[in-house]
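Only one structure is covered here, and it is reproduced in the block below.
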Number of protein chains: 2
Amino acid sequence: MDITLKPPNSLSRPLFVPKKLLMGPGPTNSSPRVLKAMGLPILGHMHEECINVMDEIKEGLQFVFQTKNPVTLAISSSGHGGMEAAMCNLIEPGDTVLIAVNGIWGERASDIAHRYGAKVEILKKSPGKTFTVDELEKSIIKYKPILFFLTQGESSTGVYQALDGFGEICRRNNCLFVVDTVASLGAVPVFTDLWKIDIVYSGSQKVLGAPPGLAPISFSSQALNKVYARKSPISVFYWDITKLGNYWGCFGEARMYHHTISCSLLYGLREGLAELVEEGLPNSWKRHKDCANRLYEGINKIGLKLYVENENCRLPTVTTIRSPPEINTKHVSKYAMERYNVEISGGLGPSAGLVMRIGLMGYNANFSNVDTVLDVLQEAMEYAKHNKSKL
Amino acid sequence: MDITLKPPNSLSRPLFVPKKLLMGPGPTNSSPRVLKAMGLPILGHMHEECINVMDEIKEGLQFVFQTKNPVTLAISSSGHGGMEAAMCNLIEPGDTVLIAVNGIWGERASDIAHRYGAKVEILKKSPGKTFTVDELEKSIIKYKPILFFLTQGESSTGVYQALDGFGEICRRNNCLFVVDTVASLGAVPVFTDLWKIDIVYSGSQKVLGAPPGLAPISFSSQALNKVYARKSPISVFYWDITKLGNYWGCFGEARMYHHTISCSLLYGLREGLAELVEEGLPNSWKRHKDCANRLYEGINKIGLKLYVENENCRLPTVTTIRSPPEINTKHVSKYAMERYNVEISGGLGPSAGLVMRIGLMGYNANFSNVDTVLDVLQEAMEYAKHNKSKL
């Protein structure tokens, strides 16, 4: 048997990875400590030292999520895998679910829930707006859903959703409360137990400062009870929480092989969590808030307007700026990237074409970066205004 | 709101990752070049430089799989995610599938197919045995399945399954041919197009020499046609090949955001592929075969017996050795790891308790490692024989 297809030339070139300042909605830059950890030697997925790192991550996540849930772990998927895991473990075909939609994440949650066979009811708000406990209560009484999905940090619109009070209503109505904190965890308070959240998940590549590839998640005992009471098998083996929980040592049984976890991603997340724990949660919350305020001030000085009008609903990690009509913001992003290797993003989903997005998360959330991105933004806007034909 | 749960002490200790020689069934050690790449700066999932790395990986995978399939990419999951992706894209509830089971991977494929609503028919052989084209033909005529699943490298038993001829029978009977090459790709020939394989997948952490976390996969046009003809949505958004294929630029359309790919895992896989392309496939196949032969010889000299009797059915990457009745092989593995940081594995699934497994893959497949693992094995066996009470 002969090789018929020839080797590609592209792989004989050296790998090219430039250093950029990632001031978009994530991933964010990782710290030197995290990047150094990524290059450590490979460990087997059942080796004692790998298990120890998993245990340390579990403790770190229980702290960051502020939960005592034994079933707290990181899923071997991007952040969106946390959404899949929540849905595929809880939903049985025919179950009614209620999804709060005010941006792309609610839309995606609806899509996913539909694929797992749910009857999907929508609690809808315009992009940029938030939900109230009263609105939830009316809908929950009307639809009697088995789960309610809410996004704390709507990174497509820059909206921060307050969470307190929703869990009470859900628990009173026998509905599980699922919260997406991909873009918010570590930058704003998340009190999983206090707020009666049944499944909370996040992503490794935002405030936690690790590379993408892992989705931290936590299941309450109420969520697990729904899983244990299923009549049909959990839809997806890869995210089966009964198997994942065993592998992560959450049930006090002997650990069984489930999948080959990526030790390298574990190293990065472990170091990112260690840095966050070292700083302390209140300090991190304050740092993100201070940076966001400095950014708002600078944006105001440049003469731009924030997309989210109510300042209590602004997500400190992702700031959305209304695109001025006279400027093509794609040109702004292009100039910032080509001239300075600085990422300034456009909108996503419902905010596409309407906003520019600036991210401040984890390692990147400091005053120096705020000032840099403001300088670059101002210069890029000037350039985009006066050199339309050149771009 | 106050922090009620205190930070864990474990994260204030430095991260501990020892250097080991991973001579088990995977993951294997990564080369210094691959590990160095893992620590490179983070890139956004839609950045031009990230897309370029994805394109290079695609070309590398088309070469290693020996396919011209445009839909060739790496899924953001462990190797087992490839199995999930194959099943969730092809299976609609009620479809009949035929799974060849002679070890753990066929069992897992059956479990997964069942969860996606398939009627699962099994073509069964004892662990250690292989399948013939005639056996497939009889079953395919009897059950009329929409897909047939076969594992090329059964890492639980060390069995190599020849693939030629199966694809012809499948295509003639309107059945898609799905092949697991997680433990074999790069070490033995895989001629995807020539052998009429419709979905082939692998894992990053075996012969390709990258850290775990990505699952290379390729879809034929026949497989895609089945996807396009579905009446129900693809069960899982995360592995929806119509969305993944778009993100990987396989359809010639503008790329849309689907999930946040792990740039770091891409760097590692890209470098692992580059090393394999540099060596050349026939050289890699020969190196793995030569190493396996040297290992068989050494095992024979020690007085141990190989589990797979037919030498044409031995997988060069994972060698299974019958456990001698007088020795607890858990003690052998423990001694090798504690005394030398060398991994020698026990059995898995149907081979648990029956065999020891030695892996030779990618960067680790060289004569020096073969000699080392044989020395360690012999010493560990002596120790285990004479010091039962101490372990």
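Any Cβ shown, glycine's included, is placed from N, Cα and C.
What TrEMBL says about this one:
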- A:44-364: domain 'Aminotransferase class V' (DOMAIN)
- A:Lys206: N6-(pyridoxal phosphate)lysine (MOD_RES)
- A:Arg357: substrate binding site (BINDING)
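Across the structure, A:Lys206 (N6-(pyridoxal phosphate)lysine) and A:Arg357 (substrate binding site) place their CA atoms 14 angstrom apart. Counting every protein chain shown, the Cβ of A:Arg357 (substrate binding site) has 25 other Cβ atoms within 10 Å. Averaged over the domain 'Aminotransferase class V' (A:44-364), the predicted model has a pLDDT of 97.
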